[in-house]
Amino acid sequence: MAAAEVPVPSGYFTQIKEQKLKPGDLEEEKEEDGVQRVEAQEGVVKEVEAENSCLLLEARAPVESDRRILTLQTVHLESQDVHLQGLGWLSVPHSEELSGTVPEAEGILQLPSVLWLDPEPQLSLQHCVTVSIPEELYPPEELQRIHFHLLRENVLMAEENPELTPDLDESTALKKPEEDEKDQLPPQGETDKREERLLLLEMKPKEGKDDEIVLTISHLSLEEQQDPPAANQTSVPGAKAAKPKRRRQTKGKPQSFQCDTCPFTSSKLSTFNRHIKIHSNERPHLCHLCLKAFRTVTLLRNHVNTHTGTRPHKCRDCDMAFVTSGELVRHRRYKHTYEKPFKCSLCKYASVEASKMKRHIRSHTGERPFQCCQCAYASRDSYKLKRHMRTHSGEKPYECPTCHVRFTQSGTMKIHIAQKHGENVPKYECPHCATIIARKSDLRVHLRNLHSQSPEEMKCRYCPAGFHERYALIQHQRTHKNEKKFKCKQCDYACKQERCLKAHMRMHTGEKPFSCLACNKHFRQKQLLTVHLRKYHDPNFVPNLHLCLKCDKRFSRWSNLQRHRKKCDPEHETLAPNKDRRPVTRTQASEGEAGHKEGEPQCPGEQALGHQGEAAGSQSPDHGLTCEIIFNMMDK
């Protein structure tokens, strides 16, 4: 048979218990629950050695002195395979083409089986047959999932004639007749046209006893049909969608389950069920702390450990502990075993993690699936795209603990700390350009990026010159430093760098690619976005206003103050900023002059300006300029 068969060891006995039916008692029981259960008083034990591991019970006509035995055979087929393959046949000369209507059972997976029974008047009543099966053969937990139902297929009925009763040794296996055997069957018109009866068999554990099964036999309505449905077109109504495809189990090879969505195959049902949840959107397991849902209990347990701080997976080589086993395996590969199981088939690259190998493969294929939504940038992995998006938002999450300078990338901050604040950090000098680098790894990157010879010629952006070394190209392009090669086609604007021209062209196109994530404002330049974030969305921002000593007008930038003083007081000498590039305010300037000229009185003009500045500084917000008014003026 094409379906996988469940082996039944020879030597097991199946005990059939049946009691003579009393119509009165059966009618009372039928009114209660529709299923009569009869206590077994007499038993017949018969050993069946089946070649194909099928259970066969011989059928006889009910004689008063004989025990009544039902002819019953079950065929173990694939539980999830709705389309039947290779349905067996009985070698009986008289046959009729019949089909049964299978009722739909709610919540029960209908499994295919074949059942035939000799017709007799007692069949109008529902029978109950109790079969005792050893627990070693069918464990109770498996019996709860076994249900046998009738298939839509040709079923042959056994006659009351003992000569037509199938032999035990010859009919244990259901065989489909060959072409020459079909010719020996009598024509359909010659068969005795009478009402045939077919039964539905259900298998479930008996109440109170786990080692016995109750077979409930019910009637099914039958109809004659001209052409029997094909074996491969047989379907059971109400059956659920097929999940695992169970392959045929051969000798020496374990049974395997194959996924219908992807090529995944597993020999364990538990592993297969865990894989099936990957294709499902159901997340039934909910975290009671943050209400986050997960597909499996294992994922939920690992997530709860992050809340409680539990780290059950401990490294045996050090004192480190981790939440998941995957983190422990990755730690051991990086720190102890140095194993790199993922190797590239195109080069000598090897990686500890599969994700890094997938990212490396994209360097060969040129694929960049992660695209920036605000510019033409594309990356091979999501991390670099996230880092690039900070250039649009102006976010700088990394801060130097010494000088509080902020950076977009953590690597840039580490280089800054090593070069600016490292006291005993060794310095590495480049042998080609005398550049001093703090870390040896950064020196290797410097040599690879700037001083390695490229097979392709790199063209200068300003002239047709070409170079094979990036450092030589950079040095050459510096010769064009004072040349304004980039000119605007719509106005007379010219600049030295291409990026400045791109920023200028946004004035003509109206493009504002830099947006604030807090208030959804858009800006043409990144610097304007940075100033906006610092002014309006930084709670620790303290405005540093620069005061004009002549008109008491305040400015947030030193350059704006210098531009204003050229118009306001062209004869006055501009104050230069100090070494720290901090703006020199009017108060600082007066204090500095007082420090240099202690005991000398100020000139009348300076004294008047000083009193005027103090008066302006002491004004209340109702009579003077507030910070909010100044910011609004700056935006205008």
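Glycine too: its Cβ is placed from the backbone N, Cα and C atoms.
For the ranges 27-49, 188-210, 257-279, 602-624, the feature annotated in Swiss-Prot as zinc finger maps to 257-279. Of the given residue ranges 62-85, 86-109, 398-421, Swiss-Prot assigns the label zinc finger to 398-421. Below 8 angstroms of C-beta separation, residues 432-433, 449-452, 496, 498 of the same chain, each at least six residues beyond the ends of the zinc finger (458-480), sit close to that stretch. Listed by sequence, the residues of this chain that lie at least six past the ends of the zinc finger (370-392) yet keep a Cβ under 8 A from its Cβ atoms are 359, 362-363, 408-409, 513-515, 526.
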